[in-house]
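Presented below is the structure to which this report refers.
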């Protein structure tokens with residue numbers, strides 16, 4: 001027992017080391033270099049995913065995953081119950097909000113193009129392993145539910161065309177399953193099971209086959225859309241948009257409808273999951289995301305216009321609005337034409353949910369966060385066939401046992417969370433130093449920030465030589481660059497915000513003068529009034545930045561500015577969550593104009609604006625990409641606000657189910673993923689490799705130059721780790737080493753350290769290379 005209590009002695013348990021090890025594991029990031037230029041696309045089984053997708057294929061995937069449910073279901077639902085003919089405005093507002101998240105996805109797709117896994121991979125590269133697993137796990141949930149819901153919706157469509165004979169037969173012959181669905185007549189949906197299995201087989205047969213099937217259905221859906229537009233023009237009536245009829249529920253109904261219409265645009269992230277299978281992802285991904293959102297908006301608005309002009313908004317059928325609007329005018333043949341389009345659109349939406357799900361599973365399994373057998377890629381179909389079969393089976397099981405109403409309620413929370421994290425990642429990456437983009441979470445460490453503060457990222461390259469850490473230097477960290485001498489932090493021009501590129505450009509017309517940037521004669525195109533305005537407000541702006549403690553407006557961010565942005569984004573997320581919660585759950589106090597409620601709202605708005613302003617004043621990373629999200633930091637910040645608001649609008653039962661799913665994911669991650677991660681295995685191999693040379697480490701008190709002696713029988717064993725140590729030796733403490741006249745070389749610079757160790761091994765006749 002004494003040994004047990006001794007092991008629990010806080011002096012013996014290295015709590016700090018244990019916390020640091022866990023902290024470093026959950027925040028470790030995946031190097032971007034491993035996914036660039038096709039690197040890392042080969043699986044453990046030696047098979048690559050086929051790179052066969054064109055820009056048109058990606059647009060077809062994005063449109064198909066969105067337009068089915070949005071055009072045939074959401075338009076009628078929002079028009080009747082929320083916004084009336086104002087559903088048109090609701091779709092436009094939702095489209096703007098979706099485009100904000102879409103441009104962030106597009107930048108990430110360009111930054112890390114050769115990837116599968118979408119937001120999961122992006123988070124793994126930027127935020128860290130734990131957050132990436134959390135996002136990927138919830139993306140699996142959304143695609144799983146979306147597939148099951150699509151199969152159930154198709155089953156309901158066929159049942160409706162058959163006058164509900166299928167559902168009655170199943171309820172009478174098979175029986176009901178009370179408790180699995182909200183309705184008392186919930187029955188095992190065998191037709192939905194069959195549909196899910198068929199689509200799973202199509203996806204598993206190969207990406208080219210599934211994309212071809214998807215394109216055919218999209219063409220069919222397009223033909224039906226054209227038919228609706230032309231046929232509907234003969235039945236429109238402008239009186240349904242008369243005064244007071246366009247916005248029957250006011251702007252509150254329009255905004256409520258916009259929150260629902262936003263879900264009709266969810267699905268464009270499927271484009272980002274196929275980066276590894278695209279022929280030219282750098283240009284295809286941003287173009288396909290933007291084009292698919294614009295096409296979906298056009299389809300939704302045009303259909304909503306025809307729908308609300310053909311029938312009064314309060315008579316719209318919510319289950320099949322486009323079919324019933326022709327029936328109301330006696331055009332029964334059109335019902336079956338629209339039914340064909342509905343089946344095609346819902347099938348494409350089902351395919352859009354099932355297609356990315358195995359690819360997210362494949363990406364996570366390839367990284368070791370899920371079981372690695374799920375990353376197997378078939379050499380025949382060049383698809384992650386095991387992940388396809390497993391995910392399709394789970395989706396079919398859900399479609400069989402759970403009602404459509406219950407499935408729809410769980411569809412959006414994980415996707416909205418993924419959108420929010422992508423916006424956060426864009427904000428963080430654009431303000432991090434170039435050399436630390438792969439692992440910017442290190443900025444959370446104060447010690448790392450102190451080491452890096454004041455050193456520009458590009459000065460870690462060969463053109464620049466930072467002052468050695470071992471040299472005694474009382475001033476701040478500086479650099480010497482052979483190509484370009486950067487101005488000091490005390491330079492007024494840099495603090496005011498002028499670019500050092502223009503200042504040190506030898507081709508500048510006024511190069512060599514005292515002030516190259518203000519020569520009116522040298523640059524006649526520059527406005528004289530703008531120059532005078534800069535001279536007038538420049539000193540005041542400089543003084544304001546100094547008093548506010550803002551950094552110099554340099555072209556290159558530093559570790560300190562990156563750390564500032566990280567903290568600001570974290571606070572921004574928390575404040576937005578509190579703000580949206582109060583707007584939603586405290587709306588009664590705001591509508592009553594309670595002074596404290598209004599004061600609280602104004603205070604939070606000011607705090608959010610201040611954080612955005614602080615982020616705006618930090619220097620951005622100068623790295624140019626083929627596509628970059630515009631108007632930073634406003635676009636990602638507003639996307640975060642919209643996504644958080646929509647997440648909080650979801651029901652309580654959805655959050656409870658979400659919590660249960662997350663708990664299962666945490667068990668998998670901490671029980672398996674964290675210990676079998678590819679990064680964990682690499683770290684173990686690196687530690688094992690370093691231990692091979694540990695005996696000859698020049699940092700050791702027992703250096704190769706001095707040699708070492710073993711303890712004799714007469715000598716005390718205390719200094720060698722105790723009497724139980726029979727073989728080998730343990731390193732003595734540094735204080736003992738110094739007492740014996742040995743000095744550690746840790747005070748030396750890293751470059752000198754490397755040269756000494758190479759020289760020691762080179763001069764030795766023995767071979768110390770690992771076997």
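One-based numbering along the chain as shown.
Quick reminder: no glycine exception, Cβ is built from N, Cα and C everywhere.
Checking the candidates 163, 676 against Swiss-Prot, the annotation N-linked glycosylation site falls on 676. The range from 6-26, 27-47, 384-404 that Swiss-Prot describes as transmembrane segment is residues 384-404. On the backbone, the CA of residue 282 (N-linked glycosylation site) and the CA of residue 676 (N-linked glycosylation site) stand 31 Å apart. Note on the transmembrane segment (216-236): residues 60, 63-64, 67-68, 71, 299, 302-303, 306-307, 309-310, 322, 325-326, 329, 331, 334, 337-338, 340-341, 344-345, 347-348, 351 of its chain, located 6 or more positions outside it, place their CB under 8 angstroms from a CB of the stretch. When Cβ-Cβ distances below 8 Å are used as the criterion, the transmembrane segment (655-675) is approached by residues 25-26, 129-130, 133-134, 137-138, 141, 368-371, 410, 413-414 of the same chain, each at least six residues removed from its ends. Residues 87, 90-91, 150, 153, 211, 214-215, 217-218, 221, 225, 257, 260-261, 263-268, 270-271, 274, 278, 284-285, 287-289, 291-293, 295-296, 299-300, 303-304, 307, 316-322, 341-342, 344-353, 355 of the same chain lie 6+ residues outside the transmembrane segment (58-78) yet bring a C-beta within less than 8 angstroms of a C-beta in it. Remark: residue 676 (N-linked glycosylation site) has 368, 369, 372 as non-local neighbours, by Cβ distance under 8 Å and separation of at least 6 in sequence.
The stretch from 119-141, 187-207, 291-311, 628-648 that makes the most Cβ contacts under 8 Å with the transmembrane segment (384-404) is 187-207.
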